[in-house]
Amino acid sequence: MNIVILAAGTGKRMRSALPKVLHPLAGQPLLAHVIDTARTLKPTHLVVVVGHGAEAVRKAVAAPDVQFAVQEQQLGTGHAVQQALPLLDPSAPTLVLYGDVPLTRAGTLQALTERAGQGGYGVLTVTLADPSGYGRIVRDAQGKVARIVEQKDATPEQLEIAEINTGIIVAPTERLGRWLAALKNDNAQGEFYLTDAVEMAIEAGLEVVTTQPEDEWETLGVNSKQQLAELERIHQHNVADALLVAGVTLADPARLDVRGTLECGRDVSIDVNCVFEGRVTLADNVTIGPNCVIRDANIGAGTRVDAFTHIEGAEVGANAVLGPYARLRPGASLHDESHVGNFVEVKNAVLGRGSKANHLTYIGDSDIGARVNIGAGTITCNYDGANKFRTIIEDDVFVGSDTQLVAPVRVKRGATIAAGTTVWKDVEADALVLNDKTQTSKTGYVRPTKKKS
């Protein structure tokens with residue numbers, strides 16, 4: 001099977017320099033959703049027709065299995081499909097999809113292609129309470145499809161029809177090419193309508209078959225920011241509903257955003273206003289507090305993530321405690337039972353089993369062993385303005401508050417670093433290291449006061 005995705009439109013009502021099909025829904029372009037769905041049908045040829053913003057669209061969705069055809073002038077859907085014909089297998093049917101209709105289920109498309117068969121013409125339709133703006137499905141006395149009439153070309157009687165054309169069709173490719181070549185643009189829009197091929201198929205002796213989706217929202221398109229926002233909420237509702245069915249506890253399903261894939265184990269609990277981006281895995285008994293953002297991360301079983309924690313590109317072991325207000329940046333790896341507390345940032349660093357950094361700390365480019373205590377205000381000084389260096393802290397080290405570790409440096413097993421120490425040389429095992437500082441007290445000191453004006 002061939003699949004053609006039309007993505008050449010200007011999207012004027014979006015009022016944006018970004019091509020319409022590249023506006024994000026759930027964290028990825030509208031067009032990417034359509035391509036992902038198309039791939040599940042395993043097409044032999046997958047062609048995207050580009051036009052407005054062609055280079056940006058190519059760059060955004062380029063892949064080995066995606067070919068591109070160019071519609072230099074936007075002369076209608078029939079003209080757009082014509083541009084893809086040279087890239088298609090003429091002996092296989094062609095399914096036509098739209099880059100701004102992102103929520104159609106693969107099963108809906110599969111049902112349409114199966115109904116049409118190898119040589120039939122199939123149209124995906126839907127019956128709406130308010131069909132305004134859509135092409136109407138006109139049927140004959142026997143209930144068979146006779147033609148599709150666009151809204152601007154419809155008679156008052158035809159405007160009363162509630163069954164509308166979604167634009168998604170499947171047709172035999174070789175014959176479709178001949179029908180498209182015969183299209184005329186003598187209509188209100190002055191365009192070559194793909195829908196006009198229906199009458200040609202009927203004249204050629206084909207019965208045009210139809211199927212309908214399970215839900216109306218599967219065929220909704222995006223022409224404005226309002227519609228984009230509506231589809232975002234529909235999609236997020238569907239994601240939340242699937243998580244609930246799978247046993248995930250959501251404090252409020254309406255206040256969850258999944259912008260990628262979220263895999264959850266048993267007894268996972270997610271509080272309000274959390275955002276998950278990229279690929280995120282939450283193992284059994286993970287608890288996510290409110291207002292967290294987690295991107296491309298794996299969280300181990302029993303771990304608790306408290307409020308306002310941001311995690312990106314990190315691996316977290318089992319029974320860890322994060323936050324509130326913690327930040328894990330790419331390359332952070334926290335082993336089992338580790339703690340990263342409020343206003344602690346970890347980047348490209350390993351925190352060993354049972355190690356804790358509970359307050360006001362930066363750990364970057366570091367390897368920290370097991371059972372290490374990192375005191376409040378500790379900083380790993382890893383950057384000299386040009387190069388990054390690593391700090392190595394072995395097992396059972398105690399790092400006092402307000403310590404600066406100037407990398408490259410190693411603190412060996414069991415060492416103790418006194419509060420307020422700057423460490424720029426390696427520390428031996430079980431040693432105490434401190435900077436000698438003299439404390440001076442002056443009795444009877446009078447604090448300066450501001451002069452009164």
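Using the three backbone atoms N, Cα and C, a Cβ is placed for every residue, glycine included.
Quick look at what Swiss-Prot annotates:
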ACT_SITE  His359  active site, proton acceptor
BINDING   6-9, Lys20, Gln71, 76-77, 98-100, Gly135, Glu150, Asn165, Asn223, Arg329, Lys347, Tyr362, Asn373  UDP-N-acetyl-alpha-D-glucosamine binding site
BINDING   Asp100, Asn223  Mg(2+) binding site
BINDING   Ala376, Asn382, Tyr383, Ser401, Ala419  acetyl-CoA binding site
REGION    1-225  region 'Pyrophosphorylase'
REGION    226-246  region 'Linker'
REGION    247-453  region 'N-acetyltransferase'
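Of all the Cβ atoms in the protein chains shown, 23 others lie within 10 Å of the Cβ of Asn382 (acetyl-CoA binding site). If you look at the region 'Linker' (226-246), the same-chain residues 6 or more away from its ends with a CB under 8 A from one of its CBs are 14, 23, 25-26, 30, 102-103, 217, 220, 253-254, 256-258, 262, 264, 270. Note on proximity: of the recorded positions Gly76, Glu150, Asn223, Arg329, His359, the one nearest Asn382 (acetyl-CoA binding site) is Arg329, by Cα distance. Note: the CA-CA distance between Ala376 (acetyl-CoA binding site) and His359 (active site, proton acceptor) rounds to 5 Å. Summarised as a single figure, the pLDDT of the region 'Pyrophosphorylase' (1-225) averages 95. The acetyl-CoA site in the record is lined by Ala376, Asn382, Tyr383, Ser401, Ala419, and its two most distant CA atoms lie 22 Å apart. Secondary structure by DSSP for the region 'Linker' (226-246): 20 helix, 0 strand, 1 coil. In this view, the densest Cβ surroundings among the binding-site residues Leu6, Ala376 belong to Leu6, judged by other Cβ atoms lying within 10 Å. Spacing of Gly9 (UDP-N-acetyl-alpha-D-glucosamine binding site) relative to Asp100 (Mg(2+) binding site) is 9 Å (Cα to Cα, whole number).
Local packing around the Cβ, expressed as the count of other Cβ atoms within 10 angstroms, is greatest for Asp100 among the binding-site residues Asp100, Glu150. Taking the Cα of Asp100 (Mg(2+) binding site) as the reference point, the closest of the binding-site residues Leu6, Gly76, Glu150, Ser401, Ala419 is Leu6. Here Arg329 (UDP-N-acetyl-alpha-D-glucosamine binding site) comes close to Glu312, Gly313, Ala314, Glu345, Val346, Lys347, Asn348: these same-chain residues lie at least six apart in sequence, with C-beta atoms under 8 angstroms from its C-beta. Counting other CB atoms no more than 10 Å from each candidate's CB, the binding-site residues Gly9, Gly76, Gly99 peak at Gly99.
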